[in-house]
Each structure stands twice: as C-alpha cells, then as structure tokens.
C-alpha cells in the first residue's frame, strides 16, 4: 500500500487518509479533546470538578437518579498536555512517545505498536496462491484453498458424500439421524434438507418456476 499509494485508513473527523492504521492512530490524537486540569467530569452534563467529593455532591443535587464518573488521565511525558478518558487510551497514546512495539508477528520478526496494525500485516503471510486473496488466519486460508483444489476431506461414514468443511458434514449427518432442522415459518412442517424446505415454500408463495414448453402452463 505504501508503494502503490493506496490509503484505506480514513479519519472519520477530517477525512484525511493514510496507508497504515498506525499513522491514522497517531493522526487521531490531534483531534483528541483536551481536558482542563479538573480530572472529575459529570457524565450527565460534562461539568468538571476539582475532586470526587465535589462531583458526588453535584450528582446528588443535579442528577439524583443518575450517576457516573468520567475520569481523565493526563499524559506526563515532557511537553505533552493531552488528557484521555480511560487509562487504556492513555497507555495507547504513550506508545507514540516511546516508540514501543508490543505486538509481534508470529510469522516473522516484525513488531507493531498496536494490535490492529499487526493483524493487518499478518494477512501478507496468509495469501492464497490461486486467487491472491488475503486471509486473517492460516486456518481460514487452508479452508479457502479447497475451493480451488476441489479437495473435500470430510467424508460421511454413512454414505459416500464428502464435504469441504466439518460444518457442512455435521449438517448433512442430520439426514441420517432423521433430525428435521429446516422448519417452515408459514406452517408446522419441517424438513431434513434446505432444498426440501425451499420447494415446500412455493406452496405458500404460489410460485411456479417450471413452465410447459408446449402450452406455456
């Protein structure tokens, strides 16, 4: 994306776009609301107070049936005056100053400052060699490849049918045990297979998909 100029990560506030999610995260800090020195904020009207006692007194007087505290955390890095609602947001912001990269790719030596960027990077290791699509995990990629190879590794032990994945096999097995899982929403009838239900639904809809080539009926 860096080399081809693609910028899929767009700021929802100003519309500026970036080639990497980490760049967007850094940019979003410029839009982060800066709080005053009062760390206690009323969640109902956004009024701020010097301490918790003052906030609680305000809540009882102005919002007796409601409550809640929004506490802001100030970044103590030199030259930074940013405040964040929630300690997790502050810790994430600090990575901008430290350059710390906590999220490491399990397939290579690269590390990233946030999980989203790491996960996006991981897709390059899970690329389909047939259609060049990217996938989040190797297991999803492996399952996808069977679409191209025609490999159907899951075989029914009651008949000769095979399936691409275990979920399709499990659905098929219900036919052998007589479980009717496909239920009509218009009446009380139920069916073993989905195509049987679809055929039955024509009774309710009046649909007649097959036409005589001789009399058009």
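From the backbone N, Cα and C atoms, a Cβ is placed for every residue, glycine too.
Per TrEMBL, the features are as follows:
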DOMAIN    9-36  domain 'C2H2-type'
DOMAIN    40-68  domain 'C2H2-type'
DOMAIN    73-102  domain 'C2H2-type'
DOMAIN    103-125  domain 'C2H2-type'
DOMAIN    126-153  domain 'C2H2-type'
DOMAIN    154-181  domain 'C2H2-type'
DOMAIN    182-209  domain 'C2H2-type'
Residue counts (helix, strand, coil, in that order) that DSSP gives for the domain 'C2H2-type' (154-181): 12 helix, 4 strand, 12 coil
Within the domain 'C2H2-type' (182-209), residues counted as helix, strand or coil by DSSP: 12 helix, 4 strand, 12 coil
